[in-house]
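Per TrEMBL, the features are:
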type    : residues                                               : note
BINDING : Ala10, Ala11, Ser12, Gly13, Ala14, Gly15, Lys16, Thr17 : ATP binding site
DOMAIN  : 3-181                                                  : domain 'Guanylate kinase-like'
Amino acid sequence: MRGSLYIISAASGAGKTSLVSKLLEKDSTIKVSVSTTTRACRPGEQEGVNYHFVSVAEFQTLEHQGEFLECAQVFDNFYGTSKAAVENLLSDGKDVILEIDWQGAELVRKLIPEAISIFILPPSLSELERRLTGRGTDSEEVIARRMSAAISEMSHYIEFDYVVINNHFETALNQLHSIFTANRLRTCVQKDNHRSLIQSLLDPTQL
Ligand code: 5GP
């Protein structure tokens, strides 16, 4: 039983990381792929949990070795998704989330067209700004840059299969989870997961 691949993108500050971490607590068959980045570790972040933090040289070596399913430059840093880690989780039957930007989403969609993509939007620009300021880890200049980058990131929402608006956290969380639930109930997935049940239900000799 192979898992499914999900792409979750959002503008910085939309609440994507908090939603994903609550989703993982709610559903143990969902795992998140830990990306590799050249960005500095923020307070509270942990190596191997939030990211694998590497130097630019180390990142380039991994890229040249073909270790990444996709990689992109976001702001001034490089980010990449480990091909092997994603493959191991999928073949272990886990549903895997890639928390990546729109450029990475575009690359993954080309490689794996069956990947399900979800875009998370904030309820307003003022709320987005409040959330970015509230984080308190970036300078005013960085926040201003991220606000204009956010608008450009959000313009890609139309390329995604689903859109979740993170106004009320619990509602957004339930909506996000329902996408996973519905996907697991698709006929092509159920057919494989319940092969012997379906075979026996359709067997007239069982009457
Ligand atoms: P942050 O530095 O705030 O954690 O992330 C900045 C942006 O990089 C976010 O939009 C995040 O989704 C994106 N990102 C994180 N990991 C990856 C990755 O492996 N690949 C790509 N393409 N984007 C990533």
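The backbone N, Cα and C atoms fix where each Cβ goes, and this holds for glycine too.
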Least surrounded among the binding-site residues, given as Ser12, Thr17, when other CB atoms within 10 Å are counted: Thr17
Cβ-Cβ neighbours of Ala10 (ATP binding site) (radius 10 Å): 27
Binding-site residues near ligand 1 among Ala10, Ser12, Ala14, Gly15, Lys16 (Cβ under 6 Å): Ser12
Same-chain residues at least 6 apart in sequence whose Cβ lies under 8 Å from Gly15 (ATP binding site): Ile120, Pro122, Arg131, Asn166, Phe169, Ala172
Check: same-chain CB within 8 A of ATP site center, minus Ala10, Ala11, Ser12, Gly13, Ala14, Gly15, Lys16, Thr17: Ile120, Pro122, Arg131, Asn166
Cβ neighbours within the same chain of Ala11 (ATP binding site) - under 8 Å, at least six residues apart: Leu121, Pro122, Leu128, Arg146, Ala149, Ala150, Ile151, Glu153, Met154
Packing count at Lys16 (ATP binding site) (other Cβ atoms within 10 Å of its Cβ): 23
Among Gly13, Ala14 [binding-site residues], residue with fewest other Cβ within 10 Å: Gly13
